[in-house]
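Working notes, beginning with the structure itself.
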């Protein structure tokens, strides 16, 4: 299973909030938080094919541009799944993840899994949970991160293998 | 191993993190924390640790200048018991779905009902309240009063024991009548508590809580074992992605708060400072640059590590790190769920705690004065200000250097791993070009 992970500048290890102007970019390796995912992905016989990153401020100023570019790049690279997040309770990142995730899901054949915390994102979840499979995860510093990552990656595997994930989604997604 | 740890830790951490009383204690202290920090600055200015400081300002401002500054600091530090009661009742009421302001108001009245209001000087009796009952020694009574009064209030509200006003009455008036019977019940309960205690040897609820709870708990909390356990758990939980101090503060914050306030009162009065272990000890002498003492980690990442990824992260994270913000390194390196970095991340604060504890016990560095500095105060400056001595800074510097050695082998292992990845990546083009898509 080849997974592309979309992260913001903090999770990609490119700095804090002051680096929100980081432009959309990517590397064909596991950066920052994606490296943690890569270790767990190995157990699912998967691999982080690439990490896409985008500063939340840059995204806010260039939403449609970023959505289009990520969607076209996903089409070109053809991963088995695009994982948007984990976003924790960072609201700007969660918004980027949901919007870009939906754009990729509706504009390509690449399945999408999102990981978002409920805290600070209630309205966003209400808007996107019917259209996107968003795995429940804890807020920054909350309990249950390992379990949430396992749920997210298992859902990625199910989607990559084109298995029926209805029960799994109803159990672990919003 | 990691899984097993998680299976044991998660339920406990979740339980503590979600416990409404503990959560309210933590949130309640946060309500009064800005006031403590602001007034601490006045106290610090009045007692700045530079020889000749007081004389210099007396020459400019006159004899009474320290009284002006003390008036500000006393406005908070003489009333920390009352303020804790207010903050915790506010948070607890909010967390229990009540009007937070009503909850805080009944709690303060309950606290005052339990407070002795006569002062005996010789054979004469005066109507007065001694600040000793309202200050640090009253913190635990404040906590218990806050929780109990809000619970009684909720008991009545839940059963709809309220006076309903007809439609058309303004909401403010109607809400005030809503609170009438619940408030009466709370007042009656605390009236009875006061009467009952006056019939015992303790005489007041204050004496009872202080003797049975506050003194023993602060005694246990004021120990090397307690401080070490605090830092061990706080760091261990971070490694699993859980904000460790949020959990540990739920348990320790009332104890460390009282110990800090005791020190502050003693320092202000020019008495011998009583306690080694308190909030300043934990904040200023066990971790540098945030949880896990990551400032030393960043220094190695910046100076010795060779992988581009680690060095770039260090460059971005070092300035926030100096001010105690380590979010970029916690999530960016990452520390979370990273077994290699978990080891020094736990060891460094524990070693710092033990060394600081021993150094303070031996009297090599003056004890912390209880002044609450903002958590963003950089190390070395914070060591000096919180002890009033350059020896405090020297202890911090020594521990930061020691932490370099603790982190070195682990971050080098990670660095080498990243270096290998980067070299392998150099053979193929890893950058993804979004410009032409």
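Placed from the backbone N, Cα and C atoms, the Cβ positions cover glycine too.
Here the structure is a predicted model, which means the values were calculated and not measured.
According to TrEMBL, the domain 'PTS EIIC type-3' annotation covers B:5-410.
The transmembrane segment feature in TrEMBL is assigned to B:29-48 (among others).
The annotation transmembrane segment is assigned in TrEMBL to B:68-93 (among others).
Among the features that TrEMBL reports, transmembrane segment is placed at B:100-119 (among others).
With a threshold of 8 Å between CB atoms, the same-chain residues lying at least 6 positions outside the transmembrane segment (B:139-157) that come near it are 21, 24-25, 28, 80-86, 88-89, 92-93, 96-98, 102-103, 106-107, 110-111, 114, 178, 181-183, 185-186, 189-190, 205-206, 209-210, 213-214, 217, 254, 257-258, 261. The annotation transmembrane segment is assigned in TrEMBL to B:139-157 (among others).
Residues or ranges marked as transmembrane segment by TrEMBL: B:177-197 (among others). Long-range contacts of the transmembrane segment (B:177-197) within its own chain (CB-CB distance under 8 A, at least 6 residues past either end) are made by residues 99, 102, 106, 109-110, 113-114, 145, 148-149, 152-157, 161-165, 203-205, 207-208.
According to TrEMBL, the transmembrane segment annotation covers B:285-305 (among others).
Feature annotation from TrEMBL assigns transmembrane segment to B:340-367 (among others). Nonlocal intrachain contacts for the transmembrane segment (B:340-367), taken as residues 6+ away from its ends with a CB within less than 8 angstroms of a stretch CB, comprise 224, 227-228, 230-232, 234-236, 238-239, 263, 273-277, 281, 285-288, 291-294, 296-297, 333, 387-389, 391-392, 394-395, 398-399, 402-403, 406-407, 410-411, 413-414.
Long-range contacts of the transmembrane segment (B:387-410) within the same chain: residues 47, 49, 284-285, 288, 293, 295-297, 299-300, 304, 340-341, 343-344, 347-348, 351-352, 355-356, 359, 364-369, 379-381, each at least 6 residues beyond the stretch ends and with a Cβ under 8 Å from a Cβ of the stretch. Annotation comment: TrEMBL describes B:387-410 (among others) as transmembrane segment.
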Same-chain residues at least 6 beyond the ends of the transmembrane segment (B:100-119) with CB under 8 Å of its CB atoms are 81-82, 85-94, 125-130, 133-134, 138, 141-142, 145-146, 148-150, 153, 175, 179, 182-183, 186-187, 189-191, 193-194, 197, 204-206
When you check the transmembrane segment (B:68-93) against the transmembrane segment (B:29-48), do you get at least 3 Cβ pairs under 8 Å, counting only pairs 6 or more apart in sequence? yes
With the cut-off at Cβ under 8 Å and a gap of six or more residues from its ends, the chain residues touching the transmembrane segment (B:29-48) are 54, 65-66, 69-70, 72-73, 75-77, 80, 83-84, 86-88, 90-91, 253-254, 257, 264, 267-268, 369, 371-374, 385, 388
